[in-house]
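Student: Input: one structure, supplied below.
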Amino acid sequence: MPPPPPTAFTSLPHQCSVLLRRLAAHVTPASATSSSSFLRALRRLHARLVTSALLHAPPHPHLTLRLIHLYTLSADLSAATLLFRAGPCPIAATSLVAAHAAAGRLPAAASFFDAVPPARRDTVLHNAMISAYARASHAAPAVAVFRAMLASGSLRPDDYSFTALLSAAGHLHRFCASHCAQLHCAVLKSGAGAALSVCNALIALYMKCDAPKARKVLDEMPDKDELTWTTMVVGYVRRGDVSAARSVFEEVDGKIDVVWNAMISGYVHSGMYTEAFELFRRMVLERVSLDEFTFTSVLSACANTGFFIQGKSVHGQIIRLQPNFVPESALPVNNALMTLYSKSGQISVAKRIFDSMKLKDVVSWNTILSGYIDSNCLDKAAEVFEEMPYKNELSWMVMVSGYVHGGLSEDALKLFNRIRAEDVKPCDYTYAGAIAACGELGALKHGKQLHGHLVQLGFEASNSAGNALITMYAKCGAVKDARLVYHVMPNVDSVSWNAMISALGQHGHGTEALEMFDQMVAEGIYPDRISFLTVLTACNHAGLVDEGFRYFESMKSEFGIVPGEDHYARLIDLLGRAGRIGEAKDLIKTMPFEPTSSIWEAILSGCRTSGDMELGAYAADQLFKMTPQHDGTYILLSNTYSAAGRWVDAARVRKLMRDRGVKKEPGCSWIEVGNNVHVFLVGDTKHPEAQEVYQFLEMVNAKMRKLGYIPDTKVVLHDMVSHQKEHILFAHSERLAVGFGLLKLPPGATVTVLKNLRICSDCHTAMMFMSKAVGREIVVRDVRRFHHFKDECIVVFRLVHLTSGLLLFLTGMETSVQHFIGDDEPALKA
C-alpha cells in the first residue's frame, strides 16, 4: 500500500526522504518480496527522484542508499544494482551482498564486495561477506575475508565477525580440535568471549570435534538462551550421545518448546521411539506449547514404529487443539500424516489429506506417490505422477522402482527412457531400478548399456547400482559378469554379499555359494535373514540337504536370528526334493507358528516327488482354504494324480478349477535377439518365423535321437497315445525359443532363454542333447533357477517313480559332469 503524503510546505528532498522512511516502515522483507503494490510505490518515488535530479547529488546521498536498501527488500535486485554501479559505497554494497546471498547468488554478492575499494570497506561489509560464505558452507573464502579485515590494520572484528567466522569454520577441510582452540583464543583476545551469539557459535563448533570443550563453554556462559540449549542437545544427538543430550535437556529452566522439540526429534532420529513418546506425553502434561515441529516428529515416530493407533490419536489431538497453523507451518504436519496413513494401509485417508492441503511441495507429491506404490495401486500412482507440477530425482526413482516391484518392468524401462528424453539427470538409485527391470526381463544387452552409462557418469562406486548390476547379470545368465562386478566394487556391504551368494546359488554353484557365506562371516559381515534365505536356496538347488540343515540350525544358535516362514519353506522344499517328505512333515510340527501357504506349497511339491498322495491331498486342501484362486495348487495336485495314473482324480481337480473360475497362467518363453525380445507360447504358430523354427527343430531332433535322446512322455500328464505326447513335448515354448536363438544368433554365441514357469524334465534332457548336437551353450532361466547346458557332456535323467521316492539314473555319460548344472525334479509343463 502506498504511504500517506508528506506534510505540505517542506522541501522536495525532505519530502522524498520522509516518503522513503514511511515506505520502509510499512513493509517487511517477506511482504516486500511478494507485494506488487510496494514495488509500484517504490518505482514511483524512484521516478520522482530521477526527474528532480536529486539522486547522486552531493547533498543527498542518503536518498540513493535508502532506495538501494528498499530495492534489495523487493524482488527487483537489478534496479538496486544499477543504482550501486552509479556510485558504489560500502553501505550500499552491504545491502546488496546480503540480498544476493539470501537469493543464492553468491558470485554476485562477492562481486559487490570486490567493487568497493579495500580502503573504503568497513567492518559491517566484511561481516556481510563472511556471513554470505558461511551460509553457503564456503569456509575457505570466509576465512580469507576475515584475514583481509585483520590485515587492513584499521578494522577490528566485532561479535558479528566472530559469529559468522565460527559458523563457517566448521566446514573447513580436515577441521580438527586444534583449529577450534586457535579460534577460541582469538575470540578471547578480542574481548568477544562474553557475547551470547559468539558463545553459541563456539558451542556449535566444538560439538563437531570436542564435546567436553563445548560443555565447558556452556558452563562458563553467564547468560544462555534457547539457541544455546538447542545447540547443545542437537550437537550431542548428532554425535550419537543421546544420554548426554537428555542430561543437558533436564538442566533447562522453563518451558522452552524449541528445546523439547529438539530432544524429541533427537530420539526419533536415533530410533528411540519409546523415549520420544514418553517425552511427548510429559510435554502435554506440563502444558508446554506444541507446534508443527512437535507433531511432525511424533507422527514420524508413529509411522516408523507401526504405532498407527497412537498416530491417529495424535491426529485427533491436532484436530482438537486446532493449532493456528499457517499453510507453511501445516505443510510438514500434513506430509507426516500422509506418511502415517499410507504406511497403515489407509491410502484413501492419505489422499483426502492431500486433497485438502492448501499448500503442497514436492515432498507432498512424493509422499502420496509412494503411498499408492506401496499399496500396489500403480494406475493411481501413474496418475499422480503425471499430475505433479514438479518432479525431482526422488519422484522418478520412486516411480521406476514401483513399476519394477509391481511386475511392470517394461513400463519401468519406458519411463527411464523418458527421463533421458526430458533431459533429467537420473541418480544412481534410479539407474538401479532400471537395471533391476533389465534383470526381470532378461534384457542383457540393455543392461550392459546402462552399465556403460553408470561408468560414464561416475556411478560405478555406488553400492545400490553395483548390487543391482550383480543381480541383473545373474538373472540374465551372465554369472561371470556378476562375479566381475562384485570384485571391482570398491565397497561391498551385506547386500552385495547376499546378491553374489544368491547368484551362485541360482546358477547351481551351491558349494561355492556356501564357501562365500563362510567367507562373509569370517570377514566380520554379520549375516541377516536374507543371507540365510540365499544359502538355503543354494542348498536346495544343489541338493545339499545336510548342509541346509546345518545352516538352518545355526541361524538361531550362532547368530540369534529366528527363522521365519520363508526359511522353513526353503528347508521343507529341500527335504521334499530329496524324497524325505517324512522329515518335512515332522519339521512342520516343530514350527512356532501355524503353516502358511508357502509351507503347504512346499509340502505339496514334495508329495509329488515322493508319491505321497494322502499328504499331498491334505496339503492341497489347506491351500484351497488359504489361496483358493491360486492356479498353481490345482495344477500341481492334478499333475500329482496324473503322475500316479489316477486320471479320474486329476480330471476332478481340473473341473474344480474351471468351476471356481481359476485360470492357469499360460507358459511362455522369450529370448533377446538384436534389439528385440521374441516371445513364444506352447505350440506357437503366430510368430512370423514359427515354421522356420519348427523345420530347424525337426532337423536338430533327428541328430538328438542319433545321440540317444528318447522323449520322456511320462511328463505329459494327459491320457493320450505316445506319439501325441511326443508332439506336445516337441512344441514346448522353451524349445521354440532355443530353436529361434540357434537360428538367429551369431555362431558360437550362448543361447539364453527365459521362461515364466518351471522347465519340465524332458525339456531339461532335450536341451542337453540339443547342446551336444549343435555344439552351442544353452542357458534356460525358469521361475526357480538357471539351467546351463554345454556340449562337453550329456547327462540323461531317467525318472522312475518308486514307493520310496524318485530314483535317478545317469546314462550316456561321455566326459566330465563339472559343467552340468541341472534340476532333478520334474516340473510343470509349459
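For all residues, glycine too, the Cβ spot is worked out from N, Cα and C.
According to TrEMBL, the repeat 'PPR' annotation covers 122-156, 225-255, 256-290, 361-391, 392-426, 493-527. Per TrEMBL, domain 'DYW' is recorded for 708-792.
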Student: Using a Cβ cut-off under 8 Å, which residues of the same chain at least 6 positions beyond either end of the repeat 'PPR' (122-156) come close to it?
Tutor: 90-91, 93-94, 97-98, 100-101, 106, 109-110, 113, 116, 164-165, 167-173, 175, 190
Student: Looking only at the repeat 'PPR' (122-156), how are its residues distributed among DSSP helix, strand and coil?
Tutor: 26 helix, 0 strand, 9 coil
Student: What counts of helix, strand and coil residues does DSSP assign across the repeat 'PPR' (493-527)?
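Tutor: The breakdown for the repeat 'PPR' (493-527) reads 26 helix, 0 strand, 9 coil.
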Student: With DSSP, how much of the repeat 'PPR' (256-290) is helix, how much strand and how much coil, in residues?
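Tutor: Split into helix, strand and coil, the repeat 'PPR' (256-290) gives 26 helix, 0 strand, 9 coil.
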Student: Within the domain 'DYW' (708-792), count helix residues (DSSP H, G, I), strand residues (E, B) and coil residues, in that order.
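Tutor: Tallying H, G and I as helix, E and B as strand, the rest coil: 38 helix, 13 strand, 34 coil.
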